[in-house]
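Residues or ranges marked as domain 'Phosphoribosyltransferase' by TrEMBL: 44-154. Here TrEMBL flags Glu117, Asp118, Val119, Val120, Thr121, Thr122, Gly123, Leu124, Ser125 as 5-phospho-alpha-D-ribose 1-diphosphate binding site. According to TrEMBL, the orotate binding site annotation covers Thr121, Arg149.
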Amino acid sequence: MSEEEILAEFRAADALLEGHFILSSGLHSPRYLQCARVLADPMRAARLASALAASMPRDIRSQIEIVVSPAMGGVIAGHEMGRALGVEAIFVERPTGTFELRRGFRLKPGQKVLLMEDVVTTGLSSREAIKAVEEAGGEVIAAAALVDRSSGEADLGVPFFPLVSITVPTYPADALPQDLAALPAEKPGSRKAA
């Protein structure tokens, strides 16, 4: 899929939102990519995950034994990536604020993991999820996301493969442009703002 075809999938799902958004990172933005809307259509979700899997280097793809994603935003993307790769997909969640495996999910010692996200902005959630995987005995060999909003700045500590990279301005709360500050803020992410 080309970048334009990928963005067309987001537009078709009304997933490119405009306004004032507080991202899960705590940063503010005039635009938000609501991946949940894109992933609500199973056929669209499968197309995007298949395109992402196909774009990853074969030597990485062939090593992946399981996909792990952070709840909530990454769960559907992770499931679809597991389907595209033909491997199991599980998730980590934050029942007490720190990612951990629950619901009977387990990793074998040294099991090769692909960490799958819907969107990466700062990489904080990804790094926290990678830490949880490592603490559970897995080895994250790569990370992937449908969208990289970091402008290539997120350092996840492993090779990172986004389906598309989009540059959207973000601002700390104390440095908002006047026009953005004038709009009511929405918090659509799955982690409380910092």
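Glycine is no exception: its Cβ is also placed from the backbone N, Cα and C atoms.
What you are looking at is a predicted structure, and each value in this text was computed from that prediction instead of being measured.
Location within the structure of each feature annotated in TrEMBL.
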residue	record	DSSP (3 states)
Glu117	5-phospho-alpha-D-ribose 1-diphosphate binding site	strand
Gly123	5-phospho-alpha-D-ribose 1-diphosphate binding site	coil
Arg149	orotate binding site	coil
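In terms of DSSP secondary structure, the domain 'Phosphoribosyltransferase' (44-154) contains 39 helix, 32 strand, 40 coil. Here the Cα atom of Glu117 (5-phospho-alpha-D-ribose 1-diphosphate binding site) is found 12 Å from that of Arg149 (orotate binding site). Rounded to the nearest whole angstrom, the C-alpha distance between Val119 (5-phospho-alpha-D-ribose 1-diphosphate binding site) and Arg149 (orotate binding site) is 7. Calculated from their C-alpha atoms, the gap between Arg149 (orotate binding site) and Thr121 (5-phospho-alpha-D-ribose 1-diphosphate binding site) amounts to 5 Å. Sequence-distant contacts of Gly123 (5-phospho-alpha-D-ribose 1-diphosphate binding site), defined as residues of its own chain at least six apart whose C-beta falls under 8 angstroms from its C-beta, comprise Ser150, Ala154, Asp155, Leu156. Long-range Cβ proximity for Thr121 (5-phospho-alpha-D-ribose 1-diphosphate binding site), meaning a same-chain Cβ under 8 A and a gap of 6 or more residues, is found for Leu23, Ser24, Ser25, Leu27, Arg149, Ser150, Ala154, Thr170. Cβ-based neighbour count (10 Å, all protein chains) for Glu117 (5-phospho-alpha-D-ribose 1-diphosphate binding site) stands at 28. Report note: the 5-phospho-alpha-D-ribose 1-diphosphate site is defined by Glu117, Asp118, Val119, Val120, Thr121, Thr122, Gly123, Leu124, Ser125, and the residues of the same chain whose CB lies within 8 Å of the CB centroid of those residues, excluding them, are Ser24, Ser25, Ser126, Ala145, Arg149, Ser150, Ala154.
Residue environment of Ser125 (5-phospho-alpha-D-ribose 1-diphosphate binding site) contains 24 other Cβ atoms, counted within 10 Å of its Cβ in all protein chains.
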